[in-house]
Structures are given as structure tokens and as C-alpha cells.
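My questions all concern the structure below.
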Amino acid sequence: MMSASFKCPVSLSGVENICNGDKAIPGINSRTLFTGSSFLQRHHSANKIFFRTCGKKGSCCLFNIRAMAETDSGNGVPQLDISLSPRVAALKPSKTMAITDLATALKQAGVPVIGLAAGEPDFNTPDAVAEAGIKAIQDGYTRYTPNAGTMEIRTAICHKLKEENGLSYTPDQILVSNGAKQCIMAAAVLAVCSPGDEVIIPAPFWVSYTEMARLADATPVIIPTLLSDDFLLNPEVFSSKLNENSRLLILCSPSNPTGSVYPRELLEEIAKIVAKHPKLLVLSDEIYEHIMYPPAKHTSFASLPGMWERTLTVNGFSKAFAMTGWRLGYLAGPKHFVTACGRIQSQSTSGASSISQKAGVAALALGYAGSEAVSTMVKAYRERRDFLVQRLQAMEGVKLPVPQGAFYLFPDFSSYYGTEVEDFGVINGSEALCRFFLEKAQVALVPGDAFGNDDCIRISYAASLDTLRTAINNIEKSLLLLRPAAAASKAS
């Protein structure tokens, strides 16, 4: 096993020859497993791994190389087959994790990077919820629970859905999982999709939706949306994309990454189209439902006429209750589908943590929409949103719709694309712009192409106002380096 890491500009010594395109790492054959940054050439021949040029002097990049090489033993012993499933090859690497890894490397090198890439609250779990988890441990409540979740938490979820969403379910129509992500994977993809089925996904989208579809040998069908429409699905365009293979529509409201909220009137239009297609189901991702800014209001898709039978509603505790590490989510839907999802879960992880389930019950007991514990966090999010919106909308060349929920902004910086910056290179898209901000502004953001829209970048405002103020000041200063170049580019 060979493992090596290269960091630039921390140490360029010994790296330039590897990166300049005419050198290679010897002794590794064509069945090498490797991971790396975007500088790594995906094409590799026997005994060689090539790298693209790392950029001009001073550019930041990180290479992690882990290789397991086959050796010629000469003793006639068959060599180990280390090939992987085609499913792995079909999955795209996470750009969110890539930017996080690069930011971490810079921090370790002493660069004061501000991280605005994470999709999790910066608040602590409410005290009453944390105490319920601690009490569960102290009481010895540390054993397996039923696969679908305890009757206590499923009953509490049914009560929540009835009181807050106008939805009627029984406990056997609820599946509690290790986070909402597992519910989506088990429900939206593996349980209802077959090879050849199509999963309809409006873009921008959460990064995992498309990869989940591919894991089930289904085909993701991406429908772009417009900034001028607040990144909401256009019913006419949606209708034009449907056919006999359309199996699942995924809607996320409030949206990650845009913060857009679907108004009831638009959802009703979409529901009328869905009703015309007997095979089509809807997965409604409502994980951000409590992080809303008036006058926006949340509507559960399953509450619309004729949609209860077609809808799989996914929700959880991570975002509203600042419980990302507790890993607790749930699915609600017709028993036929929920039972199937439970069968898949039973053969993978089984039930969610008993301790987390006790904490989840306590969270739901806080009151309507989490009561003061959640509203206090939402008030802080809104203050941060308003601050960033004001600053970004005042910047030259930046377009930004005002998000109505979640804790993300998705501004359009495409007016700066195509420009070349000295000691950096060309800003040819959102990934390059995020690397530019990381290097020049020391701010970690997520490129929009990871979400299906290369014009934009995602900014998380799950950080203190002081942190956001420093970050936006740094971003604004760094853009001064691009404005002359952008003007020259347009003039030519």
C-alpha cells in the first residue's frame, strides 16, 4: 500500500516535476485505486498516473494519493482482483467534500480559512433534547429498538404531522431511520425505482439526489429552473419531461441549495400534472420546513388533493433542532411503500439509535414547530440572511433572489466567468471561483455545479454575524481583483 500527500504552496519542492505533465509515478499498474483533486488525470496507463498542470506559482492544491499496486510475485500465485462494482464508477465524487478537504489542508497549514460550506446549524442541540438523550444512557436505554422505530417516537411523529401538516398517518405508516438521507435512499430510490425508471429532479438540487438515482440503476432527469423564477419548477416544462418511464419526482421545499419555498398555488399546479400519470410518485423532502421566513408558508405535498396516496414525505431532526450528529430522520407514506422501505432498512442498518429516538421524542414535545427553541434559531438565521442579502445585492455583477427558507444563499457570479487572474488562472466556472475565493479571500464555499447550476455558488449562513461579516468583506475585496479583468474581457 502506497500513500502520499502533496500540498501546494506549503511545499512545492519535489512536487513540480510530478505536476508538470511530463513525469509520472512509476511502479503502479492500470488497476490502481486512487483519489485526488481535480488536477488528477482520470486517464492512466500501465505503470503511470499523470497529473495536469497545477497552475501558476502560488496556486493552492492538495493531492491525496492512495494506491494498492499489484506486484509481480513470480511464484505463480494468482493476483488479487481489486476491481469495483460499476455502481461505484457511476457515482460522481462529492465536490462538497473536495472543497472541505482543501479548506482543512489550508487550515492545517496555518491559513485562517472561514468555512461557509457546511450544511448544518451552528447552534447546539436544545438542552431539553440533549438531556433526554443523556437520561436514556443513564437509564440503560441502549439496546436495539424495532426496525421501524419505537412506538413512542412513531406515535409522536404521527401527532406532529397531524397538528402541523394536516396529515393523518398511523404508526405503521412511519419509518424512523438514521437520518433523513437514509429515508430518501431507501424510499425514493431502492424501494420504488427499477432499472430504466426516470427520477425527475429540478435543478438546482441537493447533491445526493442524482447519485441515489444512479445507485438504483434509475436515470436522473434534470429540469433546470431559472433565477428569475426563484429557482422553482415550471409546471409546463415539468409536464413536457414526463413519459411512461417517469417514476419519481423529488421536490425539496424549503430548498437546499437555494432557500426557495414552493407556494401552495404552484404545488397545486404540479399536483394536477402528477395526477395524470399513474406511475408517478412524489418524494417531498421537508427537512427544512421549520426554517422559514414570513410571509412564506410551508405546504406538505401530501396534503394536496389526491396526493396522499402518491407522496413519500421525508423529514427529520437535524436542521430544525440542530441534531445533525444524532442521525435521526423519518419517512411517512402509504403502508405499502413504507413497509417496503423498512425491509430494505432491516437488511442494511436496522433501526436508528435508541438514544437518538428518545431525544427525538423530547424534540417533538417542545411544542408546535419546536416552539421557542427553534424560533430563536430561526430569528438568528433571518438576521444573518438579511445582512448577507443586502451586501451581496450591492456588489457589482452579482444576482441573488431572496431566499425564503433554509440557511443558504445561491448567488449568481457568472458575470465574472471567463476572466484571467494573475497568479491564479482563468475563472472558468463555479469550481474555479470557489478555489479563487478560498485562495484570495480565505473563505470556503461550495461550487454551484455540484447542485446542477454552474452560474452560482452556495453560501451557508449557519455562522455568527461576526464570522459572516469578515467573510463577506474578504469576498468583496477579492472581487476587486476580478472587476478589471471582467471589464477587459467584455470589451474584447
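Note that Cβ sites are derived from N, Cα and C of the backbone, with glycine treated the same way.
Features from Swiss-Prot:
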BINDING   GLY119, TRP206, ASN256, ARG458  L-aspartate binding site
MOD_RES   LYS319  N6-(pyridoxal phosphate)lysine
TRANSIT   1-66  transit peptide
Measure from the CA atom of LYS319 (N6-(pyridoxal phosphate)lysine) to the CA atom of GLY119 (L-aspartate binding site) and give the result in Å, rounded to a whole number.
9
Other residues with Cβ within 8 Å of the Cβ centroid of GLY119, TRP206, ASN256, ARG458 at the L-aspartate site?
VAL207, PRO257, ALA406, TYR408, VAL446, PHE451, SER460
How long is the line from the C-alpha of the residue listed as 'N6-(pyridoxal phosphate)lysine' to the C-alpha of ASN256 (L-aspartate binding site), rounded to the nearest angstrom?
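With the alpha carbons as reference points, the distance is 11 Å.
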Can you check which residues sit near TRP206 (L-aspartate binding site), meaning Cβ under 8 Å from its Cβ, same chain, 6 or more apart in sequence, and list them in order?
CYS252, ASN256, PRO257, ASP285, PHE451
With every protein chain in view, what's the tally of Cβ atoms within 10 Å of the Cβ of GLY119 (L-aspartate binding site), excluding that atom itself?
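For GLY119 (L-aspartate binding site), the 10 Å Cβ neighbour count is 19.
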What span in Å does the L-aspartate site cover, taken as the longest CA to CA distance among GLY119, TRP206, ASN256, ARG458?
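About 11 Å separates the two most distant Cα atoms.
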